[in-house]
Amino acid sequence: MDRGLSTGAHQGDDGLRERTVASQSSSAPGLEALTATGEGEVKDKAGKGKKTYGRTPGGKVFTVPQTHDMVSQLLSPSEPKNLSDIIVLVILAAHILLLWRLPAGAKVPVFAFIYLFWRGAYNAGIGWLLHNQSNHRTLVRWAEKTKIFVNPATGQNSHANLYKLIKRELKTKIPADYSFEDAPIEYNTWLVFRRLVDLILMCDFTSYCLFAIACSQRPLDEGTLMTALRWSAGIILVLFNLWVKLDAHRVVKDYAWYWGDFFFLIDQELTFDGVFEMAPHPMYSVGYAGYYGISLMAASYKVLFISILAHAAQFAFLVFVENPHIEKTYNPPPPRKRTIDQENVSITPQRSDSPSAPAPLDEQVPHAPSYSSGPPPSVHNLLGFRNLDLYRTIDTSSILIQFLVFALTVLTPSTPWFQFLFVANAAVWRIWYSVGIGLVLDRQSNCKAWTRHFVKYGESPQEAWNQWKGTYHISMVMCYASFIAAVWKMYSFPADWGYGLVLLRHVLGAGLIALQIWTSVSIYESLGEFGWFYGDFFFDESPKLTYDGIYRFLNNPERVLGLAGVWGAVLITSSGAVTFLALMSHILSLGFIQFVERPHMQKLYGRSLRRDAGLTKSLKRSLPPSLQQLHGSVDKIFDESFEFIEELIDTARPKLAAGVNTFVKDTSALFQKYPARVTISRIDEDLAGYDSRDYSLEVEGTDSLSPNDNDQSGREGANARMPLDRRGDLKNLVFEYGSPIKVKWTAPLNHSKKDWIGLYRVTDNTSREVTRVSSQGRWIAVNEGSYDNLTCEKGIVSSDILIPASQRKDNENRDLASGEVIFSGDKLFWTQGVFEFRYHHNGKHNVMAISRPFEIRISRFDEDEIPLMDPTSVELSLFPVVRNCFDRDPQIAPETVDEPFGSLVERDGRYAKRIVFAVHQMFGIEFAPEVVKADGNVHNLARRICNAKRVLAPYSLTKNGATTPTEGKE
């Protein structure tokens with residue numbers, strides 16, 4: 001419902017800390033710009049309303065009639081009512097009646113269960129339906145299979161009464177511009193889906209309110225003033241929630257409210273205003289403020305906790321259902337660049353700042369280095385658990401330092417002396433993190449002091465950048481580790497959780513901590529590694545501001561939200577010392593923004609900075625003119641005050657800079673399978689009449705270049721060294737890694753339309769009659785339209801082609817049906833091994849035929865023939881493997897060794913992982929997937945392989961020293 005979709009792009013003109021995002025395409029605004037799929041009318045030049053047009057996935061264009069929201073349809077007397085409305089109203093009335101009739105002791109548990117049921121139906125039920133509709137068009141396929149929208153007069157629909165009921169229900173709700181018979185099946189399916197959504201959403205909200213009523217109470221020791229304040233705050237939150245819902249519906253209309261883009265798209269101009277300028281995904285974030293308002297009015301922790309649970313479930317719905325669909329629908333990867341700028345290639349065939357493999361060692365000659373002004377490619381990121389690398393000094397140092405800090409925290413007593421030490425330590429680190437780092441960045445902004453220091457000793461700007469990232473990372477880790485340690489020392493476990501506001505303080509504190517974590521993650525997602533570490537202080541090439549993610553709504557999210565967690569710690573501890581640390585942290589953070597970030601951003605971006613973010617604009621528009629003028633006067637006072645402080649600091653800056661410079665010179669820096677699934681084998685008892693001799697599977701694929709590698713290594717006995725004696729002309733099937741595999745099948749003419757073919761390892765199944773291992777998505781149906789998803793039909797080439805009995809090789813006199821399917825991409829095993837295909841009966845796991853076993857093998861590069869690792873030879877060997885790893889998709893697979901990879905490689909890590917596995921098997925070199933993304937084409941990757949082989953040659957265990965320490969040929 002929320003969709004979070006009307007967060008579209010708007011042209012900004014100011015903002016801080018929204019830095020240049022290196023190595024990111026400008027496609028990000030495309031996601032935001034196209035995700036507000038409101039159903040407002042497209043208007044002509046005269047301003048007259050025009051019709052809205054929709055487009056189905058098949059390309060059919062139709063008129064989208066005007067519809068109304070569910071509350072108006074159900075409760076407004078002016079709206080026509082039908083059977084489904086009456087059913088919903090009766091169910092709602094039953095909920096209210098149940099609350100009235102239940103005994104007092106049963107109301108709370110019963111309505112807690114009822115609400116959790118409807119909340120599960122919303123987030124899990126509707127989420128499952130939408131997920132399958134997005135990926136497999138499941139709801140539309142159900143409608144196609146049951147033919148419920150087909151006129152029974154045609155003889156194709158046997159449910160005449162159901163057809164009449166649905167037709168009457170839909171036409172009653174949409175009297176104009178709607179024809180049930182002519183509307184696309186996608187639109188009719190969406191209308192039926194809406195009725196289910198109406199039922200679930202109305203019951204969800206009603207049961208929540210009834211649960212709150214059942215839990216409502218007034219604390220015994222609460223005064224009249226506190227009661228009035230509690231109810232006033234609750235009512236304000238509920239009214240704010242109501243405004244958010246109404247304004248969001250005004251913008252997105254019913255189309256996005258009911259997830260219409262899961263079924264079809266509409267052609268119209270997009271509008272971005274109101275609540276969608278205030279917060280990301282407002283219906284799922286600030287749109288749940290009313291839940292906490294109701295919790296306040298009910299004065300019940302039960303209502304508060306169930307509200308938090310519901311809010312968390314709604315965010316899970318957003319993350320796992322809506323966001324993947326939005327990304328797929330509105331932000332597809334840009335097409336791959338098929339041509340290369342020949343002029344640039346001829347002049348500078350290998351730019352120094354391009355993400356390419358390093359030059360061979362023997363080609364390097366002493367000369368003055370030329371430094372690139374552009375940022376280095378981001379290959380090995382620093383932040384995040386997935387980027388943790390214990391071989392990297394900064395990561396190991398961070399872990400060791402944190403371990404020592406927390407060990408000291410736990411092992412030392414919480415006496416006043418130790419509490420003072422830990423608070424002082426946290427204060428020192430906060431001062432360094434804000435003031436010390438701020439001075440370093442200020443000197444870097446004005447005179448490139450940090451970079452000059454490393455260039456002075458012959459290092460590159462990239463090395464200065466890497467060292468800076470380590471320094472900043474350690475400082476940030478120690479700042480927060482020391483703060484957490486101080487909080488731990490000042491915290492005392494409550495003796496009575498029910499006393500006063502103890503429990504509420506802990507809940508609010510945990511919420512603020514979660515808010516800071518979410519803010520930090522959002523900032524990192526928007527800025528990337530480059531912006532997080534203030535990359536535009538170090539590299540000035542082509543500065544460009546981007547306002548997306550959290551920066552669409554706030555210029556400086558770290559100004560308030562970025563420090564919410566420290567105030568959460570204040571609430572939890574109720575300690576004066578922690579309050580002092582939080583206040584100091586906030587003041588220093590504001591000073592850092594004002595005196596370090598703002599001057600640099602103004603110098604670098606000038607007038608391209610916007611003055612007001614989306615939230616600020618919305619709040620200003622809501623103020624009366626007199627208050628807007630007052631706001632401007634206050635801003636002027638603050639600006640003048642900050643200018644005075646800046647002048648004061650400028651006067652004292654030389655002395656401070658000299659001290660910091662001495663300190664820097666005299667100090668040296670220190671320091672993911674799918675969960676196992678229980679698979680129940682489904683055995684069909686109705687196998688009578690099917691002859692297994694009528695079923696067969698024949699496999700065809702691209703033969704491996706060296707299918708006989710290592711067949712005879714000299715380790716065998718005398719008899720085993722003799723040439724292989726084959727009885728027949730069948731040879732071993734050995735296919736290339738990742739190449740598509742064609743499977744030809746035969747079956748009786750009366751075979752089940754739900755038959756399917758699966759791919760398995762030969763060792764996975766001990767039974768030849770029943771498959772007891774999950775295919776994990778590696779299966780294809782033999783007929784189209786038999787299953788409720790489209791994925792299983794990808795790969796079908798032909799079905800039910802008649803083979804006369806005269807053409808059978810086994811001399812049987814029965815005709816057969818035949819077909820072809822092609823397994824490719826995700827339907828293959830991306831590893832080496834021996835595999836087989838199995839033909840299964842009627843959607844179950846009964847095996848009717850098994851193919852010949854075949855091997856998937858990656859041919860090892862023959863270094864004896866080319867001992868010098870010629871890059872051209874490596875390119876020729878690597879190129880077909882890379883194309884296979886990219887599923888031979890023209891959008892991402894290159895046509896030549898110099899063509900760049902498609903942009904999807906940057907988003908989906910599986911492609912790069914396939915390549916690094918193949919490289920490891922072919923050349924004995926292990927790369928990280930990020931290397932493939934950074935190199936960008938086969939040519940650069942081949943050069944990197946050659947260089948790596950040369951570098952590691954001295955450590956080789958083979959005779960000629962041409963390979964790395966791996967299992968070599970003997």
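Heads up, the Cβ atoms here are built off N, Cα and C, so glycines get one too.
Lifted from Swiss-Prot, the feature list:
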| type | residues | note |
| --- | --- | --- |
| COMPBIAS | 342-355 | compositional bias 'Polar residues' |
| REGION | 1-59 | region 'Disordered' |
| REGION | 330-375 | region 'Disordered' |
| REGION | 698-722 | region 'Disordered' |
| TOPO_DOM | 217-223 | topological domain 'Cytoplasmic' |
| TOPO_DOM | 412-416 | topological domain 'Cytoplasmic' |
| TOPO_DOM | 584-970 | topological domain 'Cytoplasmic' |
| TRANSMEM | 86-106 | transmembrane segment |
| TRANSMEM | 110-130 | transmembrane segment |
| TRANSMEM | 196-216 | transmembrane segment |
| TRANSMEM | 224-244 | transmembrane segment |
| TRANSMEM | 278-298 | transmembrane segment |
| TRANSMEM | 301-321 | transmembrane segment |
| TRANSMEM | 390-411 | transmembrane segment |
| TRANSMEM | 417-441 | transmembrane segment |
| TRANSMEM | 474-494 | transmembrane segment |
| TRANSMEM | 497-517 | transmembrane segment |
| TRANSMEM | 563-583 | transmembrane segment |
Should the transmembrane segment (278-298) and the transmembrane segment (417-441) be scored as in contact, given a threshold of at least 3 Cβ pairs under 8 Å and pairs 6 or more apart?
no
Stretch with greatest number of CB pairs under 8 Å, the transmembrane segment (474-494) reference, 110-130, 196-216, 224-244, 301-321, 417-441 candidates:
417-441
Any contact, the transmembrane segment (563-583) to the transmembrane segment (110-130), with at least 3 Cβ pairs under 8 A:
no
With CB pairs under 8 Å as the measure, which of the listed stretches 110-130, 224-244, 301-321, 417-441 comes out on top against the transmembrane segment (196-216)?
110-130
Within the same chain, where does the transmembrane segment (301-321) have neighbours whose Cβ lies under 8 angstroms from its own Cβ atoms, ignoring anything closer than 6 residues to its ends? I mean 6 or more beyond.
2, 4, 108, 112, 115-116, 119, 122-123, 126-127, 130-131, 134, 208, 211-212, 215-216, 281, 284, 288, 291-292, 294-295, 503-504, 507, 511
Are there residues at least 6 beyond the ends of the transmembrane segment (497-517) whose Cβ is under 8 Å from a Cβ of it, and what are they?
301, 304, 308, 561-572, 574
Per DSSP, what is the residue tally for the topological domain 'Cytoplasmic' (412-416) in helix, strand and coil?
1 helix, 0 strand, 4 coil
Using DSSP, what's the helix, strand and coil tally for the topological domain 'Cytoplasmic' (217-223)?
0 helix, 0 strand, 7 coil
Can you work out which residues elsewhere in the same chain, 6+ from the ends of the topological domain 'Cytoplasmic' (412-416), have a Cβ less than 8 Å from its Cβ atoms?
489
Tertiary contacts of the topological domain 'Cytoplasmic' (217-223), as residues 6+ beyond its ends and Cβ separation under 8 Å:
230, 298-300
